[in-house]
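Have a look at the structure below, then the notes.
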Amino acid sequence: MKSNLRAILKIIIIDIIVIIILKLCLVFLWPFLIALLISLLLEPMIKKLIQIKFSRNIAVTISYASIIVTIFILSFVFIKYILGEINILYNSLSSKFEIVNLNSIAKSIPNFQNYTGLLLNRTFVTINNLFDVFIVLLISIILSLDFDKLVSNFITSFESKYTICLINAFIKLTSITLIEFKLAFVSTILTIVGFYILRIENALTIGLICGILDLLPVLGPALVFIPWSVIAFINKNYFLSVGLISLYILLQIIREVLQVKMVGNTLKIHPIISLFSLYAGVLIFKLWGIIFGPFMVIFTKELIDIERRIL
């Protein structure tokens with residue numbers, strides 16, 4: 001009994017220490033923390049390229065270049081699409097409202113200087129943010145180039161069961177994060193296809209929103225599907241109502257099958273625990289809690305497994 005209480009107390013103390021360290025890192029070392037997360041996320045891709053007989057330097061170069069190019073292409077397509085939607089919305093609104101008279105335009109001219117100053121300020125902020133992104137990316141590339149050496153040095157320098165536990169938690173969190181993104185991507189594609197089959201207007205936009213919501217635990221796309229289906233039923237649009245519910249059920253079945261296959265039973269976290277970890281994480285780490293909340297749950301599970309082996 002005393003040994004069990006001692007083990008529980010030890011786990012709580014270690015969790016508190018890790019939370020304090022993470023908080024300090026977010027305040028003083030956030031570029032290194034983001035860089036570490038990026039390098040961890042890209043490590044599986046780098047290892048696959050190394051298995052194909054590429055050197056680590058070439059594998060890192062290919063991985064980062066492909067990710068950067070993909071982000072640029074997706075950003076360009078997304079911005080172009082959003083601008084097109086804004087243009088359509090503007091044309092539809094301008095046809096419904098009268099054109100603003102010249103007097104109102106003349107009155108707004110003195111405010112032009114204020115807008116110019118705001119624009120300049122935004123420009124400087126953007127340049128500063130781009131510099132931060134460049135620094136984070138540079139640190140991440142350096143970490144990826146010497147990833148194996150850094151991990152081995154870290155383990156030998158702080159050789160203990162808790163260090164290995166911390167590394168395992170980071171690796172499992174990285175694996176789960178990658179799998180969740182893959183599942184969200186598949187769900188987004190299927191949702192958009194389903195919306196087009198149901199002949200829903202703005203299927204692409206609503207499908208992308210559902211894809212983003214799919215990353216949220218417990219609720220996810222249900223926030224869109226269920227109220228929309230109820231409203232369609234009230235409006236006597238039974239085809240759309242039944243179609244939305246059927247599509248949602250089909251998406252959930254496909255997602256569960258893929259999740260069991262890709263994640264496995266050992267890495268699964270109960271939805272209630274996952275939701276609590278996110279809520280507690282956001283309270284402690286703010287926006288970073290979305291990542292560090294689940295990380296602390298995985299880390300605690302690793303600690304419990306270690307203490308069980310000892311006991």
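Here the Cβ of each residue, glycine as well, is placed from N, Cα and C on the backbone.
Summarising the annotation, TrEMBL assigns transmembrane segment to 12-42 (among others).
According to TrEMBL, the feature transmembrane segment maps to 62-83 (among others).
Feature annotation from TrEMBL assigns transmembrane segment to 124-145 (among others).
For the transmembrane segment (183-200), the list of distant contacts is 206-208, 210-212, 214-215, 221, 240, 243-244, 247, 250-251, 254-255, 258-259, 262: same-chain residues at least six beyond its ends, Cβ to Cβ under 8 Å. Under the heading transmembrane segment, TrEMBL lists 183-200 (among others).
The transmembrane segment annotation in TrEMBL covers 206-226 (among others).
For the transmembrane segment (238-258), same-chain residues at least 6 beyond its ends with a Cβ under 8 Å from one of its own Cβ atoms are 183, 186-187, 190-191, 194-195, 197-198, 200, 214, 221-222, 225-226, 228-230, 232. What TrEMBL lists as transmembrane segment is 238-258 (among others).
Here TrEMBL flags 278-299 (among others) as transmembrane segment.
Beyond its flanks by at least six residues, the transmembrane segment (206-226) meets 180-181, 183-185, 187-188, 191-192, 195, 200, 244-245, 247-248, 251, 255, 271-272, 274-275, 278 of its own chain at Cβ-Cβ distances under 8 Å. Sequence-distant contacts of the transmembrane segment (62-83), counting only residues of its own chain at least 6 positions beyond either end whose CB sits under 8 Å from a CB of the stretch, comprise 42, 45-46, 49, 54, 137, 140-141, 144, 204.
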